[in-house]
Amino acid sequence: MEVFSNAQLIIMTFLMFIGGEIFTSMVGLHFKRSKIITTWKTEGKVTSVETEPKSLPPTDSVDHIRLTMVTVSDYGSPRFESQNDVLSPYHNEIVNYNSIKFLGFVVLSYLLVIQILGVASVLVYISLFSSAKDVLRNKGIKALTFAVFTIVSSFASCGFVPTNENMMVFSKNSGLLWILIPQILLGNTLFPSCLRFSIWVLGKKIKKAEAKYLLKNATEIGYIHLLPSLHSSLLVATVLGFILTGFILFCSLEWNSTGLGGLNTYQKLVGILFQTINARHTGETIIDLSTIAPAILVFFVVMMYLPPYTAFLPVKRDEQSPLECEGKKRRRKRIAENLVFSQLSYLVIFIILICITERKGIKEDSINFSVLNIVIEVISAYGNVGFTNGYSCERQLRPEANCKNKWYGFSGKWSDEGKIDGFVGQPSSWRARATSRTETHFWQRAKPDCTHRPKGRVDHKTSLSS
């Protein structure tokens with residue numbers, strides 16, 4: 001990483017920011033809101049915008065209310081002028097539109113506030129502690145560039161750090177690790193829970209109707225990061241449970257290991273916590289993973305394999321699910337897709353292919369090219385974590401004269417065929433992982449309305465600012 005210039009690091013920071021899942025989901029909300037407006041215009045529900053409201057014509061029935069005009073608020077959202085308008089069936093569509101717009105505002109605020117606080121905290125820490133400042137000075141990295149790059153990378157779960165050694169050179173800087181831990185959690189697995197909490201807090205002060213609608217209709221909004229209340233609560237418990245399990249396991253097996261050598265008790269505790277949290281997230285590391293006990297590596301493999309929003313949910317799917325509304329044929333197709341193109345199927349297939357193409361290395365250099373190392377490399381890439389055991393010349397059974405250690409990428413020692421297998425396999429496994437992430441959102445759905453609406457004419461013609 002140190003070969004990149006300051007300008008190149010800035011460009012990478014921008015790409016990580018706009019490529020982060022939270023940012024792209026926020027852009028998706030904007031397009032969804034624009035699509036709703038386009039649909040209304042196509043259906044004739046939206047005409048022109050009038051600055052001066054006109055009186056609404058009298059109506060004989062609530063079911064046949066004709067809204068010829070509404071005023072537009074300062075934010076461009078529709079606003080009803082009479083109590084009778086609220087009873088219109090079209091009111092639900094208006095509330096849904098306003099709620100999506102409010103959700104986009106919350107996500108943008110969340111994205112900016114968390115990262116700005118993180119950058120400010122890193123800059124303050126570097127200015128106060130000379131050990132961290134000296135590392136950056138010796139490597140020729142600007143403090144501001146390092147702070148912005150590392151925070152954006154951690155929040156977006158990229159795992160890049162401007163130093164060649166990742167976070168190993170900062171293993172004794174526990175304060176810096178404490179700053180990065182919230183960025184890692186809030187930008188990944190705890191995002192849905194924190195998002196619901198943010199909506200609830202803002203709903204107490206502003207946009208009460210929209211916040212209430214979002215909290216009660218999380219599934220219907222269609223935003224995969226907005227989970228139902230119970231799922232969000234159990235997600236927090238699950239994440240903390242995994243972290244506690246990994247923390248205890250790591251402390252039990254690696255407390256006196258060489259990787260943690262030179263650290264005092266407090267630094268070890270913070271370092272182990274940081275390492276455990278990264279097993280499901282960014283993949284930043286303060287220790288050479290090749291020195292870790294196999295039992296911990298297997299635990300890391302499981303953590304990297306699990307989708308981000310995995311939660312232990314003691315809830316069954318409703319009897320009348322959306323699949324039932326689509327018919328038995330659709331259900332059979334869905335089941336077949338899950339069996340044939342499951343996540344595990346993709347991973348097993350490509351691990352086998354890589355083991356076949358790398359059979360020479362497995363035979364002649366069995367310690368470096370162990371099956372466990374290959375599994376870690378594949379699962380890490382699949383889970384977008386970035387952990388690697390690297391390649392150590394000291395572990396060679398037949399030492400080579402011109403051998404170079406590559407702790408930063410074990411796959412770099414694979415043959416061309418093995419690299420192609422790993423490259424081709426990742427888009428397929430990513431699709432399976434993305435599907436799994438979406439399905440965790442639909443763990444509990446309100447019973448769908450499978451009945452058709454009455455054929456009676458309901459004319460809603462409303463003026464709206466796009």
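In case you wondered, yes, glycine gets a Cβ from its N, Cα and C as well.
Residues or ranges marked as transmembrane segment by TrEMBL: 9-31 (among others).
Same-chain residues lying 6+ beyond the ends of the transmembrane segment (102-129) with a Cβ under 8 Å from its Cβ atoms: 20, 22-23, 25-26, 29-30, 33, 136, 143-144, 146-148, 150-152, 154-155, 173, 175-176, 179-180, 182-183, 186-187, 194-195, 198-199, 202, 207, 210-211, 214, 221, 223, 226. As annotated by TrEMBL, transmembrane segment applies to 102-129 (among others).
Within its own chain, the transmembrane segment (141-163) has Cβ neighbours under 8 Å at 1-2, 4, 6, 9-10, 12-13, 16-17, 19-23, 114-115, 118-119, 122-123, 126-127, 133, 135, 169, 180, 183-184, 186-188, 278, 281-284, 384-386, counting only residues six or more beyond its boundaries. According to TrEMBL, the feature transmembrane segment maps to 141-163 (among others).
What TrEMBL records for 175-202 (among others) is transmembrane segment.
Per TrEMBL, the feature transmembrane segment maps to 223-250 (among others).
Feature annotation from TrEMBL assigns transmembrane segment to 292-315 (among others).
Look at TrEMBL and you will find 335-354 (among others) tagged as transmembrane segment.
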Worksheet, complete the sentence: Contact set of the transmembrane segment (9-31) with the rest of its chain, CB cutoff 8 A exclusive, min separation 6+ beyond the ends, reads 100, 103-104, 107-108, 110-111, 145, 148-149, 152-153, 155-158, 160, 162, 187, 191, 223-225
